[in-house]
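Residues or ranges marked as domain 'Helicase ATP-binding' in TrEMBL: 281-447. Summarising the annotation, TrEMBL assigns Zn(2+) 1 binding site to CYS509, CYS512, CYS549, CYS552. Sequence annotations record features per position, and here TrEMBL assigns Zn(2+) 2 binding site to CYS518, CYS521, CYS536, CYS539. Under the heading domain 'Helicase C-terminal', TrEMBL lists 544-712.
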Amino acid sequence: MKYASVIVDVSSMQTDRAFDYKVPEDLQEFLSPGMRVIVPFGPRKVQGFVTEVKNHSEFDKLKPIIELLDLTPCLTPELLKVGQWLTNKTLCFKISAFQVMLPAAMKAKYEKAVRLISDDTTDLPGELQPYFHKTNQVNVKDLEEQIPLAEIQKLIKKGQLEFVYQVKQKTNKKTIKHIALNLSQTDIDQVIQTLPPHAKKQAEVLTFFKNRSITDIPLQQLLTEANISDASVKSLLSKKILKEEIKETYRDPYQDRSFKKTTPLLLNEEQQKAIDPILTSVVNKQHEVFLMYGVTGSGKTEVYLQSIEAVLQNGKEAIVLVPEISLTPQMVNRFKGRFGSKVAVLHSGLSKGEKYDEWRKIQRKEVQLVVGARSAIFAPFENLGMIIIDEEHESSYKQEENPRYHARDVAIYRAQLHNCPVVLGSATPTLESFARAHKGVYKLLTLRERVNNRSMPSVEIIDMREELRNGNRTMFSTSLLEKLTNRLEKGEQTVLFLNKRGYSSFVMCRDCGFVIQCPHCDISLTYHRYGQQLKCHYCGHEERMPKVCPECESEHIRFFGTGTQKVEEELVKVLPQARVVRMDVDTTSRKGSHEKLLSKFEKKEADILLGTQMIAKGLDFPDVTLVGVLTADTMLNLPDFRASEKTFQLLTQVSGRAGRHELPGEVVIQTYTPEHYSIQLAGQYDYDEFFKQEMLHRKHHAYPPYYFISLITISHPEITKVVSVAEKISQNLRRNLGKETKILGPVASPIPRIKDRYRYQCMVKYKRENNLHDTFKKIIEHFQQEMTSNDLTITIDLSPNTMM
Ligand code: ADP
Ligand code: ZN
Ligand code: ZN
């Protein structure tokens, strides 16, 4: 008898362990860890992951597995390990750790099917042959009645059939029309002779087949490449010289773009110095973490490309993570241009079906490289040779729901298992990473110069208080407006950036730029309309909203914020002749709209690209010679200890959009706090000095990288309940955690109510804390009952990115 340990798809504390099931006779031969099954669970049937197959179980009276969902494991042994690690690292349920590693389509409904690999059915067992006469793909359900699963499994192992899921979606399988020769290559000339003399085009079609020595080609490709009309093909079809064939294809979102093949560039000295240690680590199969700190345009991507090439030549695979918003067609082109069909692309713009198809290519080993957003870190490669994380400082690498993992941590863990290097790249590394590089935990690789010594665009910092004093009440400074007008005249393009995050929550004096801050925490206070209160969301400090500025006694003190739509209206007023493309959540919510807007700008059908965070990265347009940042301060004043760091990163990124090619670029940064070090130093491209100054602040206020932080958020519809639970939790933390550990709160969350639920939080700051995980687990256990029956939520984030 065989038994399987199964993690079931029921998210609760009590069910967060493996349950044993009997393995039915017909599955015993090939059930293996990493496969999904359907099992009985109480009165229900649920999905689960097999984690172990064994000969004994300590329990008796076990129920059998009902159904097998995979014929090949969807989680490799390594990914099962990663799942276990994720569970410990993020305190999530095992089931969510496994699920997060798979494409969403695999949670959706689907049917199992097998597909014939060769066209020949004669090798198949007799009873199977009839199923494949008309089609090359048959539902397993239909087969199962005739043939035992084990038989099918054998045929899969022999390579005659392959296992596929048919995702039950509207666009289930994607098919395309092919046109095929209905005669042999050698007969082509003879057939051309029989065509009537005026049918020149038809003859051309056949010659096309002959010259390329192909027997079939997608219809669309034939029409464009042979440069012929539909009509010629139709008449050849009606003469039965050609025939139509319907073929299944991957939903490849990039298929209709052609990729210009690129070859490795001759690296400059800095690039060569950076790549050498990476290549050494590839050759020696050595795990190492590199931090490639290189200014924008210093040729980091070229270093990635050539490192990957070495990995592929070694017969290994690579994962490249790029932030969701910079997964632009331009970015994808660079990888597809170098590695062609060896690349799979995974990002959230794809449909479930498309994502599943890309994942399948990885699972089947049809690709050796995946370029994707955060979740691509779980690509089921078994022979990883390198993981690259571009723009490693990007906050989108952290998942803000369970499991709350950071892709960087997963990358390092997987790379350790595979003995391969990790390359983190950025022009503005996180303080954590740069500090690690300084300590020698990561190996620092530096690219100081832009390729070809192209200069960084010059930056002008505009004091908006000054503008106000001079009577300019618009949101465009005199200088920015002048430069905008000048670009319109010259036919050059401008990117206008509005930093929208955190708007209207902080209070600022429009005359002197003073922002009211917490006396204990060095972060801005948040304005609460109700009661006209200002609050600190870290320590709970409260004060009344002042009537005049505490600094200069001006009455122009108010909370702050504007939207892109408002900017667009103003822009049209002052520059009626400008053609503006606006990109924000509103204009890009429809699938594909993001790309459409960008391509409009790229084709120069617009003069100004106006947008939020989503235009700050990755874009590379040769005619953009001006970048304007409308309000550099908004992020600076978020209740977040990383506010300065994020501001510096963003300003540096945005500035990098200008003057990337022949035309020199200019940047205008509008701000109410021109003296702030993150703005000054971003204007001077001085990351090193910024790092120094910011580290002092972090040290002084006990923040990362000097301390680790955990955040516990408690929410419930009743405020009294939230407060009392939060109190109990903070008491418990104070009792159980070390003396050196700092516990802040409880205090209302920066967003104190979401969807009618009140939110409170406690923050734990520690250097070394052996009891942390245990204490957190016990807290969750203690409140387990109330969490299931009383609508209480407690979330624990062991490396919070935002404090909201
Ligand atoms: P980064 O990723 O650091 O922003 P890129 O890799 O995008 O920089 O390089 C900027 C530009 O310089 C690109 O157009 C790239 O093709 C070009 N480039 C990079 N390396 C070289 C090189 N060794 N020789 C010539 N051009 C290069
Ligand atoms: Zn405070
Ligand atoms: Zn003031």
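Positions of Cβ are set from backbone N, Cα and C atoms, glycine also.
Automatic prediction, not curation, is the source of TrEMBL annotations.
Structural mapping of features recorded in TrEMBL.
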residue : record                : Cβ neighbours (10 Å)
CYS509  : Zn(2+) 1 binding site : 24
CYS512  : Zn(2+) 1 binding site : 17
CYS518  : Zn(2+) 2 binding site : 21
CYS536  : Zn(2+) 2 binding site : 22
CYS539  : Zn(2+) 2 binding site : 16
CYS549  : Zn(2+) 1 binding site : 20
CYS552  : Zn(2+) 1 binding site : 14
> Going by C-alpha distance, which of the binding-site residues CYS509, CYS512, CYS552 is nearest to CYS536 (Zn(2+) 2 binding site)?
Replying inline: CYS509
>> Please report the distance from the Cα of CYS552 (Zn(2+) 1 binding site) to the Cα of CYS518 (Zn(2+) 2 binding site), rounded to the nearest angstrom.
In response: 18
> Can you check what DSSP calls CYS509 (Zn(2+) 1 binding site), collapsed to helix, strand or coil?
Replying inline: strand
>> So if I take the binding-site residues (CYS518, CYS536, CYS539) and measure from each Cβ to the nearest atom of ligand 3, which come out below 6 Å?
In response: none
> What is the average pLDDT across the domain 'Helicase ATP-binding' (281-447)?
Replying inline: 93
>> An 8 Å radius from the center of the CYS509, CYS512, CYS549, CYS552 Cβ atoms defines the neighbourhood of the Zn(2+) 1 site; name the other residues of that chain inside it, in order.
In response: ARG510, ASP511, GLY513, PHE514, PRO550, GLU551, GLU553, SER554, HIS556, ILE557
> Going through the binding-site residues CYS512, CYS518, CYS536, CYS539 in sequence order, which have a CB under 6 Å from an atom of ligand 2?
Replying inline: CYS518, CYS536, CYS539
> How big is the Cα-to-Cα gap, in Å, between CYS509 (Zn(2+) 1 binding site) and CYS518 (Zn(2+) 2 binding site)?
Replying inline: 16
>> Tell me the Cα distance separating CYS549 (Zn(2+) 1 binding site) from CYS539 (Zn(2+) 2 binding site), rounded to the nearest angstrom.
In response: 23
>> Return only the integer: C-alpha distance in Å from CYS518 (Zn(2+) 2 binding site) to CYS549 (Zn(2+) 1 binding site).
In response: 15
